[in-house]
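Student: Quick one: the structure is below, and I'll ask about it shortly.
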Amino acid sequence: MVQVNSNYLKLKAGYLFPEIARRIKSFSEANPDAALIRLGIGDVTEPLPLACRNAMKVAIDEMGTNTGFHGYGPEQGYDWLREAIAKHDFQNKGCQINAEEIFVSDGSKCDSSNILDILGSSNRIAVTDPVYPVYVDSNVMAGRTGEANQSGRYAGLSYLPINAENGFAAKIPSEPVDLIYLCFPNNPTGAVATRAQLQEWVNYARTNSVLILFDAAYEAFIQNPDLPHSIYEIEGARECAIEFRSFSKNAGFTGTRCAFTVVPKGLKGKSDDGSDVELWNLWNRRQSTKFNGVSYIIQRGAEAVYSAQGQGEINALVSFYMRNAAIIRRELTAAGIEVHGGEHAPYVWLKTPDDMDSWGFFDHLLHNANVVGTPGSGFGAAGEGYFRLSAFNSRVNVDEAMRRIRAL
């Protein structure tokens, strides 16, 4: 009989969001008339920008002609999209990133997991706690951890707590690590990093030969012009960091799938024999072998994000969701609930009232307010006693959800 990858058996009972879906399904079957409002999983609700839709329609029509048909495209992405990304998202902000260092993909979730393919299994890994579950679970699946303890922490990982007491800013690891995941604006807490804070991380990484995997999926939601959007705005980051970006949240591409990863040329790791190896070469080889590229139609839609019309429309989308976040913050604060985040990110991170545990508060909101959120403990042991609400919903639903919560 074929053997399975037993590392999967080390995973906790269910990935956070499937467990939420299971509880919602059970509740809905018992209460079919309940009008649920979902402020849980970070899926967008507003339509794709018109500029993107029109570009995709043109691309579809092109695909219906002999001269305009496109089959397999470059695994790294079409040059015109990579050039638009490099210019707008990096070069215009003073970052020395060129188009060849951009790898277009179908999601930053995939990339942040797949990047492990090119990194050795003996690397010592650090994550914040709470943390986006994919970072941890993908390492468990790849056999890079031991078993989980009673609190859900896996042997072999270094956990860096972030909480209200430390301003949701992780401290530099006290033990040696080789690889660290950073996410700013942070999912789930909504915290942001200043230039000085990121410079401290970059300095640490360069001094200690650490690779930073930097998730900037929510950079478009930053409201303060003094805050960095990319780690490459920080001196020395090209030598120690890979960055993940996505069109999912700023342009509504959760259902159309387009993202990109930045791997600077000259960024190096060590081989088993101690020689230096460029990570760009390994990632390029990995993508060429395991990925067939994002469809031409979708990439044309993503390219339209960088048009004048597209920029105006995605800015409007971001403003809409950030207004929702402001409403959630205001109403929860008025209800006497301690809130964090929601100022530079579409997530509000709240302290559960009355010392309720995270899943207890989830069930409380589900059954008594018919509102769905995300329990903080699902993001890690340090998330216990916290809860995440997402600003990704209609204004009507956000207003109604807040009315229901305040009525509890």
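Each residue, glycine too, has its Cβ placed from N, Cα and C.
The shown structure was predicted, so the numbers you read here are calculated from the model rather than taken from an experiment.
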Student: For the pyridoxal 5'-phosphate site that Swiss-Prot describes with Y72, S108, K109, N187, Y218, S246, F247, S248, R257, N292, which of these is also annotated: Y132, Y135, Y232, Y306?
Tutor: Y132
Student: K109, K249: which of these recorded positions has the highest Cβ count within 10 Å of its own Cβ?
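Tutor: It comes out as K249.
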Student: Nearest of the binding-site residues to K249 (N6-(pyridoxal phosphate)lysine) by CA-CA distance, picking from K109, Y132, N292?
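Tutor: Minimum Cα distance from K249 (N6-(pyridoxal phosphate)lysine) across K109, Y132, N292 lands on K109.
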Student: Which number gives the other C-beta atoms within 10 angstroms of the C-beta of R388 (substrate binding site), all protein chains shown included?
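Tutor: Cβ-Cβ neighbours of R388 (substrate binding site) within 10 Å number 26.
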Student: Give me the CA-CA distance between R388 (substrate binding site) and S246 (pyridoxal 5'-phosphate binding site), in Å, as a whole number.
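Tutor: Rounded to a whole number, the Cα-Cα distance is 21 Å.
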Student: Fill in the CA-CA distance, S248 (pyridoxal 5'-phosphate binding site) to Y132 (substrate binding site), as an integer in Å.
Tutor: 16
Student: Could you measure between N187 (substrate binding site) and S246 (pyridoxal 5'-phosphate binding site) for me? Cα positions, answer in whole angstrom.
Tutor: 14
